[in-house]
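Right, one structure below, let's go through it.
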Amino acid sequence: MTGSALSPRLLRSLLPALSLAALLIAIFWLQPRAMSYVGFNLMLNLAIPIALATIAQMCVITVNDLDLSIGTYVGFVACVGATLLSGGVGALPLVKDLQASGTLPTDLPWLLTTPLAGILVLALGIVVYALLGALIYWRDLPSIVVTLGMSFVWLGLSVVILPVPGGAAPGWIRSLMTLKPPFIPFPIIAAAVIAIFAHILIMRTSYGAVLRGAGGNPRAIERAGWSLLKVKVAMFALAGFFGMLAGLSLVGLTTSGDANIALRYTLLSIAGVILGGGEFVGGRISPVGAVIGAATLTLAGSFLSFLRIPPDWQIGAQGAILIIVLALRALIDHAEKRR
Amino acid sequence: MTRFTGMLSLAALAATLLAGSALADTADKKIALSNNYAGNSWRQAMLRSWDKVTKPAVQAGIVAAADPFTTAENQVTEQAAQIQNLVLQGYNAIVLNAASPDALNGAVKEACDAGVIVVSFDGIVTEPCAWRIAVDFKTMGKDEITYLKDKLPNGGNVLEIRGLAGVFVDDEISKGIHEGATENPQFKIVGSVHGDWDQAKAQAAVAGILPSLPDDIVAVVTQGGDGYGAAQAFKAAGRKMPIIVMGNRQDELAWWKEQKDANGYETYSASIAPGVSTLAFWVAQQILDGKEVPKDLVVPFLRIDQAGLEKALETTEKGGVANVEYTAEDAQKVVDAAKK
């Protein structure tokens, strides 16, 4: 590897950032109004939950698995956030119906109104994720099948919690997500914090190296005396944790829950990881890239709508952007091999 | 014929232009339609109506732009992003058919904070800063019994066909029907089936319940999209044809016309016109114009009576729904009604 500024390796790690910059320039050229505090806020605030979901997906991809349930899980968290976390059990539509019909008294005991119920359910969600990791390792099951099955479980649970869209996000999440810090828009600060936190956690700690190694060369890690079971459990639990943050930030933005709120996140998160320089195999990931990838995908939507591309074509165009970036990466890989 | 109605709405437009009632400072304002779904005939008709009314309005210089945007997938997050993009694109008002009554509130609030007028219709949003053009489905159901009361003073047994179970609209219409029946005890609802607003499903459901029902069914109350199927089921069972309330679908109107010509069959038909999008457009334009408009408005139903059947059938395309486009004056009337 030479030290020249345009070495393929450097190019590849810069590719996500370069695509984001190119997209931003195109957006500002099309819509100068977007180049403002309000503009960044509006274009990027929905990128926060997507970025968090992308990090969650990246954790799973690190250990050579794929999570097809992340979208419905984020929706589940959003439903819990809009009900249990804001008003405890008493905020569930089911309980409200019972109160209206007189089966339950209007004044509920403390136990039924405490938001602790929400915290408990969210913690249980992370435990379920950890158990999934264990199950996939123990029985050597294909993660795609297990998580696809789980996606229906999460969706079903969301519908049980919130049969019709509604609920209200807890005030503190709402005020956090609508923060208006001076000079730098909140979504940019949030994205930077997420990226740095995930980077330190996975790329800079010693156990992080083990986690990544378990994806690249599981047998070597096992021989070195590390438990692969623990690694899977840790990575799935991390995915559950970041997925939870995604759901909470989403409900903070939308103000209320809906079981179908985040179905797209499954595919968006996978695309975000890949766009950000991650690969499906071998623990090759980049947390910073993943956050940039999520932002790129979100901005691609804005870009296409500023271009006035008919909506029927937008999904196709979004796919085309993905393919272009991937093709560029393949070109760089090719150049690297030739050296 | 559609061209003719188009001309009519143009003429109406010109009339309002001359009257100077609704037009003042909106010539440089841009209005966008944010729509979450375009996959059925009702939504397609809604989008066509939007084009038909807003294009002449833009040409006449009433507003600077009126562009429709539909999300490709019926998804809340996608529509939230769409609304935010529309704000950035500098639209002054967003007319919204929302994917969710609650989950878009965050995006709607941001739009309001940016000074954008948001008018929701059909799929309305609960955010207080937005305007709502809602449908009073309960009254729609109750009206059916009111009509029957005039036609059949002696009352009798009634069969109810409901819509899709678990959907808000089905619940509301049915509540209205039952409220009407409680107030008029001469009508007895002897059976309820779910027809899912679909002719084939309704036919199967009615055929299934008919043998268990008394012979003297005098009327069938419906929710729209199920009247023709019910008629087929009664015919197949060899029963006397009851009064079936229709729901403005073309096949229903065609069958009604056929029966009317053959034996003077009488009923009525009511539903929400897809053209309600144009009503929302005019309401948005009036708000931009600085008019005082109450936040909650009610859509008038499109009701077809015995006398108007031929005309309605003529203007309704095969497989479609009877439609009407609204004018600025209609919007004014709706606003005035809400102020009272």
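Placed from the backbone N, Cα and C atoms, the Cβ positions cover glycine too.
As recorded in TrEMBL, the features of this protein are as follows:
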| type | residues | note |
| --- | --- | --- |
| TRANSMEM | A:12-30 | transmembrane segment |
| TRANSMEM | A:42-61 | transmembrane segment |
| TRANSMEM | A:73-95 | transmembrane segment |
| TRANSMEM | A:115-137 | transmembrane segment |
| TRANSMEM | A:144-164 | transmembrane segment |
| TRANSMEM | A:184-202 | transmembrane segment |
| TRANSMEM | A:233-255 | transmembrane segment |
| TRANSMEM | A:261-281 | transmembrane segment |
| TRANSMEM | A:288-307 | transmembrane segment |
| TRANSMEM | A:313-332 | transmembrane segment |
When each of A:12-30, A:73-95, A:144-164, A:288-307, A:313-332 is checked against the transmembrane segment (A:42-61) for Cβ pairs under 8 Å, which one has the most?
A:288-307
Considering pairs 6 or more residues apart, do the transmembrane segment (A:115-137) and the transmembrane segment (A:184-202) have at least three CB pairs under 8 Å?
no
So which of A:233-255, A:261-281, A:288-307, A:313-332 is most in touch with the transmembrane segment (A:73-95), counting Cβ pairs under 8 Å?
A:233-255
Stretch contact, the transmembrane segment (A:261-281) with the transmembrane segment (A:184-202), Cβ-Cβ under 8 Å, 3+ pairs:
no
Take the transmembrane segment (A:288-307) and find every residue of the same chain, 6 or more past its ends, with a Cβ under 8 Å from one of its Cβ atoms.
13, 16-17, 19-20, 23-24, 26-27, 30-31, 34, 43-44, 46-47, 50-51, 53-55, 57-58, 191, 194-196, 198-199, 268-269, 271-278, 314, 317-318, 321, 325
Might you confirm whether the transmembrane segment (A:12-30) is in contact with the transmembrane segment (A:313-332), defined here as three or more C-beta pairs under 8 A between residues 6 or more apart in sequence?
yes
Cβ under 8 Å, sequence separation of at least 6 from the ends of the transmembrane segment (A:12-30): give me the contacting residues as numbers and ranges.
43, 275-277, 286, 289, 292-293, 295-296, 299-300, 302-303, 306-307, 325, 328-329, 332-333, 336
